[in-house]
Amino acid sequence: MRTDLKVNINNLAERCDPEMFSFETTAEIEQENKGIIGQHRAVKAMDFGLNVRNEGHHLFLTGPSGTGKTTYAKRKTKETAMAKETPPDWVYTYNFQNPDKPKAISMPAGTGSVFAQDVEELVQDIEDEIEKVLTGKPFERKKVEMAQQHEELMNKKWSDLEKQAREQEFTIERSQQGVVAIPLNENGEAHSDESFNQLPDDIREKVMKKSKELTRNVNEVLRHQQIAKRKLRKQLREAEEQLVHQSIHGFISSVKEDYQEFSNVLNYLNELEQDVIQHWKQFLPKKESEEEELNTILQVSQDVKQRYKVNVLVDHSQTKGAPVIYEIHPSYANLFGKVDYKNTFGSVSTDFSMMRAGSLHLTNGGYLILNAADVLSHPYSWKALKQVLRTGELRMENSYEDTEVFTKSVIKPEAIPLKIKVILIGTPSLYQLLYRADEDFKKLFKVKVDFDTDMERNIKHQLDYASFVASFCRKEQLHHLTKEALAKVIDYSTRLANNRRKLSTRFHEVTEILIEANYWAEKENESFIKDRHISEALKERFFRSNRSEQRLYEAIDDGTIMISTDGRAIGQLNALVVSHTGEYSFGHPTRVTARTYVGRKGIVNIDRESLLTGSIHTKGLHILSGYLQAEFAQDYPLPLAASITFEQSYFMVDGDSASSTELYALLSSLGQIPLRQDIAVTGSVNQFGEVQSIGGVNEKIEGFFYVCRKKGLTGTQGVIIPHQNVKHLMLRNEVIEAIENNLFHIWAVSTIKDGIEILTGMPAGEKDGDGNYPEETVYGTVQRRILKMLHTLSQQKFLENNSQEDKEETYKDGDFAPGKQGRTTI
């Protein structure tokens with residue numbers, strides 16, 4: 001027995017000494033934990049990414065879940081943003097030249113809403129003033145005077161025309177059908193058609209000539225009348241517009257004085273003034289009859305005064321520093337904004353006042369935090385996000401995923417310049433996928449902030465952990481921990497890290513235990529969380545999840561699943577595997593068996609042939625073949641056919657941590673050497689026979705320990721692990737106690753030969769100068785068996801190709817003894 005390979009009791013776990021803390025409970029810790037613990041690389045990358053100004057330096061935070069990426073991203077970004085300048089407000093106004101393209105105006109933070117209020121009050125003042133001056137008595141008198149002048153002029157023209165007609169014995173008649181000149185008889189009465197036709201031809205001809213001349217004069221007067229009407233209307237309109245301009249110019253000028261530095265605002269106010277002058281009648285109160293008429297005509301037209309509103313899209317009046325938003329639902333509309341619609345009696349329309357800002361508008365000049373997986377779940381969002389980051393322009397338009405109606409009016413708002421820092425949060429696999437498959441991603445997200453899963457277990461980090469626990473308890477209003485409970489939390493963190501020299505940075509899993517331990521403390525009416533409450537929380541947490549584990553152990557105990565924990569067997573050994581049921585993982589033994597026989601097929605993996613293994617396990621099997629070839633086939637081919645399998649395994653198996661177990665089983669079968677069944681084995685192996693580290697070492701050891709304890713500890717049972725995994729040991733107290741009492745054992749091996757000596761009780765053996773192993777060794781026994789198999793295979797081939805006489809001359813006893821191998825070829 002290789003007692004020199006047993007793991008020292010001091011290397012089985014690391015226990016935090018509560019006396020290292022200068023306090024009795026975490027309530028005494030006054031300093032709040034405001035940073036993130038053990039993420040030096042991520043902190044430096046985050047600081048660089050948030051402050052670098054170059055294009056394309058957006059951030060991608062990656063790392064396992066529960067490491068505090070999102071919490072840290074929000075806190076750190078807000079801290080950085082507070083030191084930055086607050087970006088400008090953005091407002092949209094009506095475009096008087098092109099109504100379908102609203103104009104964007106940038107204003108200093110907090111100015112946008114003030115400007116909108118100023119314009120709203122301005123429009124109200126304009127409305128009141130127009131109503132006052134345009135409906136007042138002075139202007140009404142002026143309009144009457146202008147109408148009277150027009151009427152007097154036209155009356156004189158008609159009077160002159162009628163006088164001319166009487167002189168030529170005609171009369172002028174005006175009716176709805178028009179104006180006509182009618183000849184008179186000697187009695188001064190109008191001729192009838194009959195009397196006119198009875199006139200002599202020469203007189204009738206003279207009358208017709210005069211009638212034509214008078215008709216031309218009538219038409220000329222009518223033409224003058226139409227010109228005069230148009231002139232009057234023009235004069236009235238000019239008088240109205242002049243009066244409107246005079247009445248509103250002062251109001252608009254007073255607003256302009258407050259915005260002299262903003263040329264866009266001044267241009268807008270100038271255009272507003274001209275538009276008001278053109279549409280001043282819309283400011284007059286409608287008459288009752290007009291209102292009734294409008295109500296009966298479906299009121300499809302929009303009030304012209306709507307165009308004078310200012311849409312404050314982004315208002316930073318309450319923002320301190322640069323804005324920061326964590327968008328939890330990054331749909332296209334939530335990111336890029338949207339244009340709403342209104343339905344009026346079945347007619348759908350929109351305008352610039354219905355524009356709604358998205359997160360990109362609100363964080364323009366600041367920071368936008370997004371979950372990468374959430375963004376990718378909205379294809380339009382991801383594509384459009386990359387486009388705006390490339391172009392630096394933010395446009396608002398509804399995407400297909402947000403459009404639910406067809407509208408008769410479509411607006412295309414003016415784009416605004418975008419200056420923003422986007423922070424994506426995602427898993428390492430998602431980062432790799434985007435980096436390989438998306439060319440834009442690697443150009444835009446150049447800053448990788450990589451969060452680690454663990455940190456060094458030193459005094460500083462343990463004290464930082466204490467500060468973190470204290471801060472969390474205060475934030476969540478939990479009971480504080482005693483220093484003994486804190487020590488147990490730190491040990492649990494080390495267990496999560498799978499390395500007794502490390503502490504886990506998956507703080508979410510630690511805080512879950514704190515919350516559950518608080519429940520047990522409250523149940524006992526304790527003022528503080530004690531170490532037993534931490535233990536109870538862990539025990540109950542495992543109990544809620546380990547139903548499958550218990551069922552498996554029961555099946556092993558009653559013999560349904562065949563696992564031997566004593567005795568010896570050829571070609572059979574206990575491997576250790578880890579099973580996962582959601583968030584819970586547990587280790588357990590599984591029987592590996594190997595059968596060898598004469599043949600050329602090599603090693604056949606029954607599980608692989610049954611499509612029950614993954615590529616990593618298949619790779620491990622090829623490594624076994626390479627190792628056997630190197631050890632036993634330097635001078636002759638390996639006449640080996642073997643089958644190997646995980647017994648009673650009906651699910652997919654992957655990984656190479658059982659490859660050393662499989663190799664031990666093969667060597668046992670080849671040499672017909674029994675292996676100890678009270679020892680389970682884990683570890684992968686390379687082609688040089690070196691045992692390599694594996695994952696889940698604690699779960700695997702504990703799994704076999706529980707099986708042995710159930711069947712009865714004999715004092716000889718134990719587990720063989722790779723020597724590299726010793727630093728990962730963080731075993732539970734019950735396992736350590738059994739080892740201290742020599743009821744259970746752990747061996748750490750470096751090579752296959754180390755392990756085979758423990759399992760067989762025989763020396764492994766070393767080759768001599770001729771390439772032979774000593775007879776009384778494991779490898780010597782295997783070598784002799786291989787030569788015997790080779791002899792058998794050679795005889796079979798000879799019989800197939802030669803006569804019986806040739807065979808008797810060629811083969812002699814001992815031709816395949818060690819040292820004569822090179823004489824035989826197949």
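Here the Cβ of each residue, glycine as well, is placed from N, Cα and C on the backbone.
Note that this is a predicted model, so its numbers are computed, not measured.
Residues or ranges marked as active site in TrEMBL: Ser657 (among others). In sequence order, Leu576, Val577, Thr682, Gly683, Ser684, Ile694, Gly695, Gly696 are the residues of the chain that are 6 or more apart from Ser657 (active site) and have a CB within less than 8 Å of its CB. When secondary structure is read from DSSP and collapsed to three states, Ser657 (active site) falls in the coil class.
Taking Cβ-Cβ distances under 8 Å and a sequence gap of 6 or more within the same chain, the neighbours of Lys700 (active site) are Leu576, Val577, Val578, Gly587, Ala680, Thr682, Ile694, Val719, Ile721. Per TrEMBL, active site is recorded for Lys700 (among others).
The coiled coil (222-249) scores a mean pLDDT of 73 in the predicted structure. The coiled coil annotation in TrEMBL covers 222-249.
Under the heading domain 'Lon proteolytic', TrEMBL lists 567-762.
According to TrEMBL, the feature region 'Disordered' maps to 798-826.
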DSSP output for Lys700 (active site) maps to helix
